[in-house]
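For reference, TrEMBL has these:
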- 6-344: domain 'Peptidase A1' (DOMAIN)
- Asp24: active site (ACT_SITE)
- Asp220: active site (ACT_SITE)
- 355-384: region 'Disordered' (REGION)
- 367-381: compositional bias 'Polar residues' (COMPBIAS)
- 505-529: transmembrane segment (TRANSMEM)
Amino acid sequence: NSRRYYTTRLWIGTPPQRFALIVDTGSTVTYVPCATCEQCGRHQDPKFQPESSITYQSVKCNSDCNCDKSRVQCIYERQYAEMSSSRGVLGEDILSFGNQSELVPQRAVFGCENEETGDLYSQRADGIMGLGRGDLSVVDQLVEKGVISDSFSLCYGGMDIGVGAMVLGGISAPSDMFFTHSDPVRSPYYNIDLKEIHVAGKQLPLDPSIFDEKHGTVLDSGTTYAYLPEAAFVAFKNAIIKELDSLKQIRGPDPNYIDICFSTGSSNVSELSKIFPTVELVFGDQKKLLLSPENYLFRHSKVRGSYCLGIFQNEKDLTTLLGGIIVRNTLVTYDREHSKIGFWKTNCSEISERLHRTGGSSSSSGKDNSTVESPTTSAAGGSSRYALPGEIQIGEIRLDMSLSINNSYLKPRINELTDFIAIELEINASQVRLLNFTSEGNSSLVRWAIVPSESSTYISNVTAISIISLLAEHRVKFPVTFGNYKLVQWKVKPNSQQPWRQKHYSTVILSIIIVIIVGLSASAAWVIWRHRQRNINSYKPVHVAVPEQELQPLES
């Protein structure tokens, strides 16, 4: 079960230093690696350098914070369920969401890491943006300053299109968005009152109190999958397997996990609803959240056309934890002011594109793969430099890349490099195609093509800009064996897979013309024949010989 997540861009300091942070509603503090951190992993951006920012201030020890041993600075420490941790000092500086955001840069408190362990150490993202409830939360700090109303929204893209959106502050709720109560006192997290789960229209035989154990039912955007208490998981698993008794069960992609996977033969996500049952989450007010298959399945990374359950047993505790998979292609509004959470099923990649064009309050982007970069905040700026030729459906991104290694060294390792690029760009390996590579002295020039995934006919503009900017800004870190690289040039080609009517328009028109001509010809021939027939049977002069006609008997 590879960890997937959504990130947004955040700039800290003067001049701004850029970071990619995991959007996490289950965390209350925002933090990035500090330049002095020796126990921090290698992430996609350089560590934060406080001494390079003229607006940075450390937060001095006071009665409202935990202090270091010398009682000079405020510190923070966070432990996570998957045995990862982060600790460091608190600082204050100017935070910005980029030049496409309507949010004016604001001073805020954040964490400067001195140590990280577990997934936090090994992940590609730089750190965490905490959107939970608490004084250190970015949301709480912006609300306290009166910059935004006490609300924010997240919209995560689908199974293969990870681009999404984040809006800090209130929005005009769509008319068909439904809200359910979220008790701010129930736990430190964003709770919802889950009562029932239905599979294929049938309610699972569970006591509703099972979803209210420990922290209750929690929405956590920083968690990839969903986790149920044992009895609920067993009931859910059995119900799904019963509905899919005609499908072949196969082993999962990772031998370290006992995944429940099915072989379907179909790689098209839009076809999954014809194969897998619908699932409904029923809340205390009888409101229902419909889960399509992409909301409880993840794609098998090793067997084409196969999918695995993305809902697991919570072995750590009795909390029901609903991660990002549950709300794919769902706009979720965390209306903290009115203690309610809204859900609206929609295409999140389209919302992201719209925010990029209009500049909303905050948006973000990403890919649903091993490490997913996502929600765009209209706070995620910086992509305007990579202007595309209008709103087109992109069929191919062509990339010319220079590598500081010679051709003979690269040739036997080209497949390894292809796979690595797919991982770094957070797309499927089948989407990366090597067109050619040539030698230029001690360096190599490689041409790649990035094509749409198997389940899509085009690449969205936002995804294309994300891929181009990752390479152009050297945010893709190659292994040292491949030396340094430079994106020499890039080009996008429109999608050639037009709709059938457009693709065969001329053929259809020509066929119609031929049919008309043949029809007119046939009509003309019939008219001539009739005319001749009349001439044959018309009266003749007496002296003209008339062909003998056979008499037909009269009916008596």
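Note: Cβ is positioned from N, Cα and C throughout, glycine not excepted.
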Same chain, 6+ residues apart, C-beta under 8 Å of the C-beta of Asp24 (active site), given in sequence order: Ile128, Met129, Gly130, Leu131, Gly132, Asp220, Ser221, Gly222
Neighbouring C-beta atoms (10 Å sphere around the C-beta of Asp220 (active site)): 23
For the domain 'Peptidase A1' (6-344), mean pLDDT (0 to 100): 94
